[in-house]
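For reference, TrEMBL has these:
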TRANSMEM  A:6-25  transmembrane segment
TRANSMEM  A:32-53  transmembrane segment
TRANSMEM  A:96-114  transmembrane segment
TRANSMEM  A:126-150  transmembrane segment
TRANSMEM  A:157-177  transmembrane segment
TRANSMEM  A:183-203  transmembrane segment
TRANSMEM  A:210-229  transmembrane segment
TRANSMEM  A:235-253  transmembrane segment
TRANSMEM  A:265-283  transmembrane segment
Amino acid sequence: MTEPVTLLEALTAAAMVSALTWAIGRWAGRGGCWVWCLAVGLGFYLGLAILGVRPRWPIREDQDRFLGLVLPGILAAEAVCRSLKTPSRLGAAARLVAATAVAPVLLHGSSYVVDHAGPGSAEWPSAWRWLIFGGLGLATACNWSGLVWIQTRSGSAVRVLVALATAALGAGLAVMLSGYASGGLTALPLAAAIVGASIAASFRAEAPDTAPGVGLIGLEGVLMMGAFFGRLRTAEAVVLFLAPLLAGIPEAYPLSRLGPRFRTVLGVGLTACAVAAATATTWRRFAADAVGL
Amino acid sequence: MLKSGLLAVATILGGQSGARAADTYSIDPAHTSATFKVEHLGLSWIHGRFNDVAGEFRVDSANPSSSRFALTIKSESLDTANKKRDEHLASPDFFNAKQFPVVSFKSTAVKAVEKGLEVTGDLTLHGETKPVTFLLTGGKTAEFPPGVHRRGYTTHLKIKRSDYGMDKMIPAAGDEIHIEVSFEGVKS
């Protein structure tokens with residue numbers, strides 16, 4: 001079990017390093033998305049290191065694939081795609097590909113997709129498997145496009161990101177309370193790194209300088225690990241997954257007439273309410289029947 | 001009825017009902033226990049068992065080195081008499097039953113020793129395969145019910161779960177696992 005002090009140290013370090021990296025990048029005249037990805041990546045992996053979590057080699061488990069393949073992959077993809085200013089259709093296609101790849105990577109070799117006990121013993125028959133992967137990918141890509149739209153429409157560099165960090169924090173806690181403590185733990189430094197970089201970015205950054213993809217794929221990965229390898233319920237996972245979209249509600253009339261800062265606070269607050277509801281549900285279930293180890 | 005019952009009991013107690021030189025047995029799950037215990041916070045021992053055990057073995061009394069033992073256990077069948085804890089133990093924090101649904105053992109060498117059989121083989125746990133050696137005691141045979149020939153063994157061994165990549169939550173849940181397997185096979 002992780003000591004609270006160690007956890008606090010890890011989260012503080014993740015937030016500070018990501019904020020400093022962003023600030024140094026801006027001070028050196030290096031704006032843009034790749035600095036954002038570098039800042040979040042450095043903060044996140046430093047936080048994990050303090051927690052004593054690292055992907056093991058050779059990669060064998062979902063958590064190794066999440067930390068060693070999925071997150072580095074999306075950090076690199078976001079940095080390259082956004083820095084090259086790819087056309088919107090190409091960007092949407094890239095998002096769909098990246099979003100669809102997460103489930104097969106995380107579930108690789110598991111009893112969902114592999115016939116461990118003889119032919120036809122996998123939990124998901126072949127046709128179902130691709131339907132599920134496609135559905136999850138499409139849902140993630142739609143969510144991603146929605147977040148990009150909110151970010152562009154609001155003009156805020158941080159609203160979507162803080163909403164994502166809030167959802168990641170809630171997802172981490174919910175997964176920890178759903179019988180997969182180490183899986184949920186990985187979401188906490190990710191949330192801290194995003195918040196740190198977002199606070200630094202809130203001073204001078206433009207929306208295109210930051211990228212929601214890292215936070216969203218991180219959120220998706222943690223929820224998938226909790227739902228498929230832990231005992232996180234589907235309804236709670238869906239609420240946590242969709243919660244960041246609530247940050248877009250203040251863009252609807254008549255709320256859109258409010259000031260930008262108030263809209264940002266309102267958007268993040270709505271997300272936080274949904275996240276708190278889902279996390280409280282898992283907490284109640286945990287408290288009701290937990291004796292635990 | 002009484003007579004056949006007494007005969008069966010006498011057969012069990014008597015043991016050693018002349019088995020052939022090399023006999024193959026299928027594990028009888030109803031008379032097989034794969035249990036373990038692990039320390040909790042260094043304070044107490046948590047005991048658990050696996051409810052789904054299968055396998056077979058071949059025993060050659062004339063040439064023990066040609067004997068073979070194979071056992072498979074479904075990870076998800078673990079049972080510590082606490083559902084919430086069982087769910088946690090099945091998660092990737094411990095067994096990762098969805099990724100590694102089976103714990104298995106397959107012997108690679110068997111040697112007759114004073115107290116029984118010294119069995120060496122590959123134990124696959126949490127997707128990691130390591131050689132282990134243990135003493136198998138017993139080997140008595142019985143016919144129960146009439147016409148069904150049985151043979152049984154028992155063994156104890158200790159492993160470190162961290163050797164198998166199951167290294168999370170140490171020392172809250174101890175690293176060293178004490179395992180006891182007691183099994184009966186029915187002659188094929």
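Every residue gets a Cβ built from N, Cα and C, even glycine.
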Out of A:32-53, A:126-150, A:210-229, which stretch has the largest tally of CB pairs under 8 angstroms to the transmembrane segment (A:235-253)?
A:126-150
Could you tell me what the rest of the chain brings near the transmembrane segment (A:265-283), counting residues at least six beyond its ends with Cβ under 8 Å?
150, 154, 159, 162-163, 166-167, 169-171, 173-174, 177-178, 232-233, 236, 239-240, 242-244, 246-250, 255, 258
Based on Cβ pairs under 8 Å, which of the stretches A:157-177, A:183-203, A:210-229 lies most in contact with the transmembrane segment (A:6-25)?
A:183-203
Excluding the flanking five residues on each side, which residues at least 6 beyond the ends of the transmembrane segment (A:210-229) place their CB within less than 8 Å of a CB in that stretch?
33, 36-37, 40-41, 62-63, 66, 70-71, 74-75, 77-79, 82, 95, 98-99, 102-103, 106-107, 110, 112, 136, 140, 143-144, 147-148, 151, 157-158, 160-161, 164-165, 167-168, 171-172, 174-175, 178, 180, 183-184, 186-187, 190, 194, 197-198, 201, 237, 240-241, 244
